[in-house]
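Q: Sharing a structure here in structure tokens format.
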Amino acid sequence: MIDAVVVSRNDEAQDICSFELAAVDGSLLRFSAGAHIDVHLPEGQVRQYSLCNHPEERHRYLIGVLKDPASRGGSRSLHEQIHNGARLRISAPRNLFPLAQGARRSLLFAGGIGITPILCMAEQLAASADFELHYCARSSERAAFIERMRGAAFADRLFVHFDEQPETALDIAQVLANPQADVHLYVCGPGGFMQHVLESAKAQGWQEACLHREYFAAAPVDTQGDGSFSVQLNSTGQVFEVPADQSVVHVLEQHGIAIAMSCEQGICGTCLTRVLSGTPEASRPVFLTEQEQALNDQFTPCCSRSKTPLLVLDL
């Protein structure tokens, strides 16, 4: 864990604030484009926020936070309680959304607050890589970091699309035409926006291996069909029943076995656990690729279920 202090807080757009964090002892760990940190909030919540400053910077971490009406308390706490000089505990950076090695060209797509990891990618790619960035927002008032991007070295590769300005509409079919194996796509934003970009890419013939995404929130899941199952800990042989209305994490907690977790939605990867036997319900760790899901060898015990009566976990 890192003890951090809020050096500055700025309004970046309507309902979006940035928070510049520095280590109390002056040292911060390296990070790569696409990385995020866990932020431990005053009321006990832990939330993940993408780093959006240049990845070569070592003196600060910059995060952007949307005050979401559907917030479970995290974004509201930051907006209403955290000001300059506030102390926060944060994790080391972790990256589940890295840039692909060896890509000849990159297409970056961001919707709303999804600009945060994408902006960091653009900063890294700007030095020597071929890319373009498409940023979609409802209006100019809701476009975060827009002036920073328009003044950046990659401004000529920035394309901004506002819902209120139909003439700026994104022609996704044209942008995604002629897919190639060494061209990679990255997308982050609201679920509907991401689905539109990814489905459009697949319709154009893009390979799954070239499609990269990061979700900030999981889509609603119908849990009515959830049933009970059992998990076995490989290290001890203990077996625990998981009722339909409880998660694996909560069941293990009741027996004194703690698993680090954060989002409880299968999006952050904190609790990702190897499955040694049995078949997990693979769609709920939404950050896994289709190929990774097909392996059936890992799942997120904060929310994932099982297709088989027993899962043997690498715990």
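A Cβ is built for glycine as well, from the same backbone N, Cα and C atoms used for every other residue.
From Swiss-Prot, for reference:
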BINDING   1-94  FMN binding site
BINDING   104-217  NAD(+) binding site
BINDING   Cys263, Cys268, Cys271, Cys303  [2Fe-2S] cluster binding site
DOMAIN    1-100  domain 'FAD-binding FR-type'
DOMAIN    227-315  domain '2Fe-2S ferredoxin-type'
Q: What's the CA-CA gap between Pro179 (NAD(+) binding site) and Cys268 ([2Fe-2S] cluster binding site) in angstrom, rounded?
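A: Approximately 29 Å lies between the Cα of Pro179 (NAD(+) binding site) and that of Cys268 ([2Fe-2S] cluster binding site).
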Q: In the three-state scheme derived from DSSP, which category covers Ala13 (FMN binding site)?
A: strand
Q: With a 10 Å radius around each C-beta, find which of these binding-site residues (Gly85, Pro179) has the fewest other C-beta atoms nearby.
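A: Lowest Cβ count within 10 Å among the binding-site residues (Gly85, Pro179) is Gly85.
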Q: Which chain-mates of Asp25 (FMN binding site) that are at least 6 residues away have a CB under 8 A from its CB, listed by sequence?
A: Asp3
Q: Where Cys263 ([2Fe-2S] cluster binding site) and Tyr49 (FMN binding site) are concerned, what is their Cα separation in Å, rounded?
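A: Pair distance, Cα basis, whole Å: 11 Å.
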Q: How do the residues of the domain '2Fe-2S ferredoxin-type' (227-315) split into helix, strand and coil according to DSSP?
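A: Counts, helix then strand then coil: 13 helix, 22 strand, 54 coil.
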Q: Please name which of the binding-site residues listed here, Leu119, Met194, Cys271, Cys303, is nearest in space to Gly85 (FMN binding site), Cα against Cα.
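A: Checked the binding-site residues Leu119, Met194, Cys271, Cys303; minimum Cα distance to Gly85 (FMN binding site) goes to Leu119.
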Q: Taking every protein chain shown into account, which of the binding-site residues Arg104, His134 has the largest tally of Cβ atoms within 10 Å of its Cβ?
A: His134
Q: Quick check: of the binding-site residues listed here (Leu119, Met149, Met194, Cys268, Cys271), which one has the Cα closest to that of Tyr49 (FMN binding site)?
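A: Looking at Cα distances from Tyr49 (FMN binding site), the smallest one goes to Cys268.
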Q: Counting Cβ atoms within 10 Å of each candidate's own Cβ, which of the binding-site residues Met1, Ile37, Leu119, Met194, Cys271 comes out highest?
A: Leu119
Q: Compare the C-alpha of Ile37 (FMN binding site) with the C-alpha of each of the binding-site residues Leu119, Glu164, Cys268, and give the closest one.
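A: Closest by Cα distance to Ile37 (FMN binding site) among the binding-site residues Leu119, Glu164, Cys268: Cys268.
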Q: Can you tell which of the binding-site residues His134, Met149, Ala209, Cys268 lies nearest to Ala13 (FMN binding site) in space, using Cα positions?
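A: Answer for the nearest of the binding-site residues: Met149.
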Q: Summarise the domain 'FAD-binding FR-type' (1-100) as counts of helix, strand and coil residues per DSSP.
A: 8 helix, 42 strand, 50 coil
